[in-house]
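So the structure is just underneath, and the comments pick up after that.
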Amino acid sequence: MTDESQNLVQDVQESSIIVDNTAPRRNALSCNRGSLVTALSVFVALLIAGQAVTVYYVFQHQEKITKIDHTTKELKMENMLKKLPGSRELIRTPSKPKMSMASIDIPLMVRDPNQPIPLSREELRNIAVNSNEVGDAVHYVLRSRRPFRTFQTFNDTTLENLKELKKTLSDEEWMLFDSWLQQWFLLYLVQNPKTTKEAALIKKSIPTEVPVMTQCQLQASAKAQPGIFRPKCEDNGDFELTQCWHSTGYCWCVYKNGTEVPETKTRGTLTCNDIFGQEEMTIGSAAMVPDEIE
């Protein structure tokens, strides 16, 4: 009996040991499976992201890839055409036409002997500086920008000159000139020459605040200095008929404009009204004498 009980105890201990050994193995297998699933998930995610990035770059460079493919096809076609017997010229695709230089000789520009020789920039500059005219200055500026441009001289009526100008300008230049001409014509329409003349007349009729002095008033208003004669003036600014210089004691007669009457200077009493009355009577009697009959 004792032997059987000991055997039972040993069997129970061995079974417990076996049970204790299988539990860690199961835990290790479960951990390995979890890490494997995580690694596979990360790998799949990276693979999907890489495919997405590749598709994005391909889509962005699709146009360049198309051009490269088209160019490659053209090069292959040209290479095949070169290898064909008797082919000297390359057949160009209509998608990319190219200009080819003409094989003929281009004639040189010939100056018209009837036209005057154009002035140089230095000559135009000297003319603009010396004349100080708007036309010369504008001509110099325009020729500075385009040295080979020439401007025609117009000597006909304005209408004929405009017609001739239209022939010499290109369509684009004429459109620009026509636009400027319309603006100028509007400015011309808003101007009223009658108003300008009326304003000028009104300006002339309005007296200035500063009075205009006559020759007699200017001489009389001069600063008094020894040895300088100061005349006497009437109310309207004319010279008085009798003028006297008290420092010398002489008196003489003058006309209204200040001109001295000859042989009237004296130190005695002088009556200029009587002298001018005699002159008027002499002039009147001479006018009444009839002309001699031949």
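In case you wondered, yes, glycine gets a Cβ from its N, Cα and C as well.
Please treat TrEMBL annotations as automatic predictions, because they have not gone through curation.
Looking up C233 in TrEMBL gives a disulphide bond to a cysteine among C216, C251, identified as C216. The disulfide entry in TrEMBL for C244 points, among C251, C253, to C251. Per TrEMBL, the disulphide partner of C272 among C31, C253 is C253. Note: the CA-CA distance between C244 (disulfide bond) and C216 (disulfide bond) rounds to 14 Å. DSSP classifies C251 (disulfide bond) as strand under the three-state reduction. Long-range Cβ neighbours of C233 (disulfide bond) (same chain, at least 6 residues apart, Cβ-Cβ under 8 Å): T214, C216, Q217, A220, F239, E240.
DSSP assigns C233 (disulfide bond) to a strand segment in the three-state reduction.
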